[in-house]
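For reference, the structure I am asking about is given below.
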């Protein structure tokens, strides 16, 4: 019987599952080797030595080789719901999940990772090209009535946007995305370019031109609606219900802006409509890049800026019920975005404080822009050639300050970087102060000029506070620099073991 218990030399390791009789084959490897023993038959260890030398199995073997006592809730692969693996039916594995710890390829990150979808087919080219064809046909029909420069400008704009639409479509297909913000932006810009062509080519005298442009605008409007619906459906699992409501409200704002642009024939209101539409598009792209948290707060700030632009149109222009309704929609959208973002942010108090400071700076800058526009509009007819250049220079400084503020919002709330946003705000405050100081020097409407100077100073202080007083003290204060430069006394090493 002793010969039956001998382990032949050179034999391989036993299988981890053991013998069919129930003997644990892994315990044979704990016997001493034949070369190290004095006899041919090694002495098996007793129960205490066997328990002390026994090593626990690897973590990944425990669920699969266990007896079911410790893992009673573990469900074998054969009894799992087959609907979990419907996406793997055509992978040559008969719809079963891939075996554990044998990834399908080098790019697999999980043992049950579904096979990635192939590259998407690009968006149907006839759907993209159709409105552009109607648009180009309308431009060709206007050759007998419109000027050469108008026809050349409209044709170049149409071809450029058609090329941009093709690039956006190929980008969406290469990135395996159903829709991208670039595609939405291109479609909306195309729609407004068609409306602009309708305005500059005097269509009431040409019924064919009117029909072609109306067909092009209608097709592009339907395309925008379909893309937004597909975008909501594609991200319905990741986006919250409030975010989807925000997208629907954004679409309502776009429609109301179109109505406002059609009804208002004032150049001032047209320019303000273009500014507010640009801010809304930037807010929409920023919101798409980060549906929750910082991106949503930045979108709320840009939407608030668009609402202030429309409010400026109410102050400088005529009262319009459509614009008032749009302001209510934008204000509701701002509240929804702030509530949806702060509910998911752990540092909601800090973010709300920074949002409040940014909103306060936005109000100050908007008031400075309105005051500058009032100064320029009041003194435009009575200005001489020597006074026109300083006024235009100050107004350009205020416009650059507004652009810097938008860059600050996009930098901080889009990327989360808290350094460059306050720096841009400080620069905008300095430019506003320079504009107010120049207007105050030439004694042009002293009260408004003093307010512009004060608003610029307050914006600079807000940017300085957002940058951080402690950070500025650390970078500029001599005492703080001295403290940081001092070497700490070395602590003796004590071995207390």
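From the backbone N, Cα and C atoms, a Cβ is placed for every residue, glycine too.
Bear in mind that the values here come from a model prediction, so they are computed numbers and not experimental data.
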Tell me if the membrane topology in Swiss-Prot places residue 376 and residue 170 on the same side.
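In Swiss-Prot, residue 170 is across the membrane from residue 376.
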May I ask you to indicate which of 389-409, 473-493 is given in Swiss-Prot as transmembrane segment?
389-409
Any idea which of 87-91, 92-96, 97-101 is down as motif 'PPxY motif' in Swiss-Prot?
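Comparing 87-91, 92-96, 97-101 with Swiss-Prot, motif 'PPxY motif' matches 97-101.
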Kindly point out the range from 103-123, 355-375 that Swiss-Prot annotates with transmembrane segment.
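Result: 355-375 is the stretch Swiss-Prot calls transmembrane segment.
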Quick one: average pLDDT across the topological domain 'Extracellular' (376-388), no decimals.
65
Mind checking which residues of the chain, 6+ beyond the ends of the transmembrane segment (450-470), have their Cβ under 8 Å from one of its Cβ atoms?
354, 357-358, 360-361, 364-365, 367-368, 371-372, 398, 401, 408, 418-419, 421-426, 428-437, 439-440
Counting only residues 6 or more past its boundaries, what in the same chain has a CB within less than 8 Å of a CB in the transmembrane segment (423-443)?
358, 361, 365, 368, 372, 375, 387, 390-391, 393-395, 397-398, 400-402, 404-405, 407-408, 411, 449-464, 466-467
